[in-house]
């Protein structure tokens with residue numbers, strides 16, 4: 001007698017359930033770009049979706065309570081000149097989001113609490129370095145304000161967003177970069193490239209630690225670091241069949257597991273939950289979400305089940321564990337968009353009868369606080385991400401939601417500010433907490449210390465320097481004086497032309513009245529014969545009309561002197 005032993009797992013009965021249509025988001029014009037991206041990003045405060053936009057690129061940001069049909073003229077984030085390709089929320093500030101676009105620029109935005117009331121076009125900072133479109137933006141998991149971007153120029157650039165400076169430039173890829181992912185503490189980076197290779201890099205100097213062939217197919221591949229160091233990849237074989245693999249970092253060329261899935265041609269996006277070791281596979285154009293559990297036992301990647309929908313998906317985003325509902329044993333939540341404009345909310349739940357907090361389902365999860373600064377990270381320090389307990393519900397520990405970008409004054413800061421005046425005041429010190437790409441000292445301030453307002457800080461020489469919109473106090477005073485002088489001259493010109501116009505109008509009126517009184521043909525008697533009195537002469541003005549040089553334009557006899565109008569012109 002033979003029998004089958006069922007694997008024991010608390011996630012074996014995880015099931016997905018879609019919320020009702022009135023609890024979802026409708027009428028969203030999701031982007032039709034052919035770039036392989038999820039087009040969606042979610043955090044506990046907002047839902048962001050890349051949308052179609054005429055005349056440039058844009059994405060929509062919605063608070064979670066704004067469900068139902070979205071108005072066609074809803075406010076957007078629309079500062080890009082080309083289509084937006086990728087967006088990512090900052091893990092340490094739920095109000096900050098980064099976007100990469102075909103216009104080669106990466107922009108970092110500050111979203112106010114409650115969402116947008118009007119279209120946002122002014123970013124906190126523009127990150128300009130790439131020469132071709134930017135298709136990937138990725139935040140560091142534990143270092144504050146460290147952002148990775150990758151473009152079609154085959155470059156990976158690591159930024160310090162707090163100063164807008166480049167920290168690292170990596171150019172080891174010979175072709176387009178498909179994906180990148182930090183490991184648990186951000187000390188290593190795994191990338192996939194169009195040359196079919198997977199690489200593990202040192203993100204501080206760009207050194208290639210290991211590389212191997214990922215998948216034999218020519219279509220896009222993706223790779224992610226798992227919490228305990230293994231690497232999970234998705235791609236295609238030579239027959240264009242989709243497959244996934246599990247690899248060890250020190251043996252990339254020898255996969256632990258390599259499994260063929262199906263023959264669909266949509267790129268699969270692996271979405272990973274480090275708390276439960278569950279991996280959700282969502283393919284572009286698919287109508288299913290498959291989920292797997294990674295364990296130390298053979299076959300290591302265990303298929304659990306799938307969530308089936310009647311329509312294909314265009315974009316998808318995964319909520320961080322901080323935003324899940326622990327009272328209903330929700331272990332994951334997805335925001336799935338179809339081609340019809342509906343954003344469907346899907347809740348993955350473990351069935352439990354008890355209403356108490358389930359410790360085994362909710363270990364300590366990623367917090368919204370950074371572990372180290374950007375300067376500490378680039379100098380060689382590593383730290384695991386901060387963790388928090390979800391018992392009693394998630395409560396944000398962040399002290400500030402304002403991103404302040406501070407740069408050291410340089411020769412470019414002497415340029416006149418853009419029209420509209422300075423947007424904000426920020427502190428800048430003469431000292432250095434880190435080094436920029438060109439070796440000049442920079443200072444980081446992210447909502448603490450100086451805050452978002454103007455302030456002073458001691459410089460190395462013992463003096464105080466106030467920076468206003470990137471311009472020193474002395475330069476700002478000189479510019480203000482210069483603008484006031486220009487305004488005074490402009491006002492004088494306007495007054496002079498106003499007097500000239502009044503003089504010409506009075507001249508024309510006097511000549512017109514005189515012509516009427518001297519008409520030949522008995523106009524006045526004719527008017528008198530029918531009982532109509534002739535029009536009275538205009539009352540003399542207290543000040544006679546003047547010409548441009550200030551002299552009277554006409555004498556008492558109706559003869560006009562120094563007039564700029566010739567009789568023919570009148």
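Cβ coordinates are placed from backbone N, Cα and C, and glycine is handled just like the others.
Where the annotation comes from TrEMBL, it is an automatic prediction and has not been curated.
Worth saying up front: this structure is predicted, and the values here are computed from it rather than measured.
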Q) Which stretch, out of 413-464, 465-516, is listed as region 'Disordered' by TrEMBL? A) 413-464
Q. To what whole number does the mean pLDDT across the coiled coil (480-514) round?
A. 84
Q.
Is it possible to list how many residues within the repeat 'WD' (127-169) are helical, extended or coil according to DSSP?
A. 0 helix, 25 strand, 18 coil
